[in-house]
Amino acid sequence: MSTPTSIDRSALACLLLQHTSSTFGSAAYDFASFLFLIQVFPDTLIPASLAGSCSTACGLTLSGYMGSLVDRLQRLPFVRSMICAQKTLQTLSYSLFLVLLLSLNNIAGDAFHGNASLPVIGATWSILFLIIACSAMLGLSATGITVAIERDWITEIAHGESAILTQLNTYMRRIDLLSKLSAPLLVSLLTSTGGYPLATIVLLGMSLVTLATEYWWIQVVYNHFPVLERRASHTGHDGEEQGLLQESENDDHEPLGDTQGSVTPRGIWGKLEREKQDWLEFIRLPIFFSSTSMALIHLTTLSYAARGWDDTIIASMRGLCLVTGLIGTAVMPVLERKVGLERAGAWSIWYEVGCLAPVAVSFFYGTGKYGEHGPVWNSVILFGGIALSRIGLWSFDLCQLKELQLALDTHPRRNQLTARQISLQNLFDLLKYVLTLSASTPARFKWTALVSWLAIVVGGMSYAVYLRSVRGHLFHLCGRKEI
């Protein structure tokens, strides 16, 4: 990968190392916590489902607030506080898992169902609730870091240079892809070779070590880019935007009585009203339709599950999807140069729709019985379509991310509005859980697959609305008026 010439290499290296460490740690925790809960409570998925749904619900309701903190607080102290919170919560959660795995492993399952002594039941449920709370707060801290680093810092570091912004976004997305594959592999290796308690201890130690390294790396990045010392919302805005910012800050810093009385009906109503106004403002922006298209992609249940493939085949296909995803991150800059950012996004999402259309059909024809591979042609369509769709998915992801960064670049509350897209994504993640629960029998899997594909089609239509609003047309017709 070529390095942007106007960015100090050591600072860029520290930025990417911090992102790698943070993303890898989050991915490892997400996978490990699910695995550990299944190990401790082998006869039920309720604890794992509770942890996942509560974390997603927290992200849905509080992502906007995290974005407002990014707007209001000084950059370095905020990111460092999020790093400390993330690592502390990971350490606490891993410590709680150790208690479950070492002291309560043989009885936690019975205690969950009430088939144990009261002290054991109380201890098991208390630890479980603490783990769920830690997972939810970890999701919020990850959101804070994502909005601060990937949206705010990256935009400022690029300093209006489109090529540099694309390159930085590409680096970050490639790290995301590699972390999402390698972190589960490491956790699986640790659990299979050393057992669950040892794996927990290793992950706990990694959280403590990376607290120190990330704390230092982010300081290096901050020191190398003086532009980060100024709040983005105070840079390059006209008087009207400054007024909006001041109004926003005044809203967020109500008189002490209001802050202390936030649990009163009046305080709660005021916060809900501000939340409503923020959403209305976001919805009125053209970028909302682009954000909606990105969020709709999260409503997908298309997978290789229930086909009877062994773990080796599944791992190989995930590796192939990683490769095609990386290809997508390489395709996006080329498309942007050739056809422009917005059209590159349109090409990418409709390419994804086209690749997944035969995949959706494969759930209706030639599927075989539950747990069976089915005909070879069906498996080729399933695996090939999903793998090829990743090119469009990650190319579109990069296009949409840059559109969001540019659209809100000069907005006085850009990070608060940016976080609304994360809230939208959490909303569709929750809907995905509901969709999955509705498929209680294998016979219904085809309908969830169809809904998933239609959601991406609707996402493409939503993006078309955005494209028309920013370009004034959808298609170039030779010798004719653009439409």
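Including glycine, each Cβ sits where the backbone N, Cα and C put it.
TrEMBL: automatically predicted annotations, no manual curation.
The structure displayed is predicted, hence computed values, not measured ones.
The region 'Disordered' annotation in TrEMBL covers 246-266.
The annotation transmembrane segment is assigned in TrEMBL to 91-108 (among others).
Taken from TrEMBL, the feature transmembrane segment covers 120-149 (among others). Beyond the ends of the transmembrane segment (120-149), by six or more residues, the same chain brings 15, 18-19, 22, 26, 29, 33, 37, 47, 50-52, 54-59, 62-63, 66-67, 69-70, 75, 78-79, 82-83, 85-86, 89-90, 92-93, 96-97, 99-100, 104, 107-108, 111-112, 114, 415, 418-419, 422 to within a C-beta distance below 8 angstroms of the stretch.
According to TrEMBL, the feature transmembrane segment maps to 177-195 (among others).
Look at TrEMBL and you will find 282-306 (among others) tagged as transmembrane segment.
Counting only same-chain residues 6+ beyond the ends of the transmembrane segment (312-335), those with a CB under 8 A from a CB of the stretch are 166-167, 170, 173-174, 177-178, 181, 304, 343-344, 347-348, 383, 386-388, 390-395, 397-399. The transmembrane segment annotation in TrEMBL covers 312-335 (among others).
Using a Cβ-Cβ cut-off under 8 Å and counting only residues 6 or more beyond its ends in the same chain, the transmembrane segment (347-365) has close neighbours at 293, 297, 302, 328, 331-332, 335, 339, 378, 381-382, 385-386, 388-389, 391-393, 395-396, 399, 445-446, 449-450, 452-453, 456-457, 459-460, 463. Annotated transmembrane segment per TrEMBL: 347-365 (among others), in sequence order.
Annotation comment: TrEMBL describes 377-396 (among others) as transmembrane segment. Packing against the transmembrane segment (377-396) from elsewhere in the chain are residues 173, 177, 294, 297, 302-304, 307, 317, 320-321, 324-329, 331-332, 335, 344-345, 348-353, 355-359, 361-362, 365-368: each is 6 or more residues past its ends and has a CB under 8 Å from a CB in it.
The transmembrane segment annotation in TrEMBL covers 447-467 (among others).
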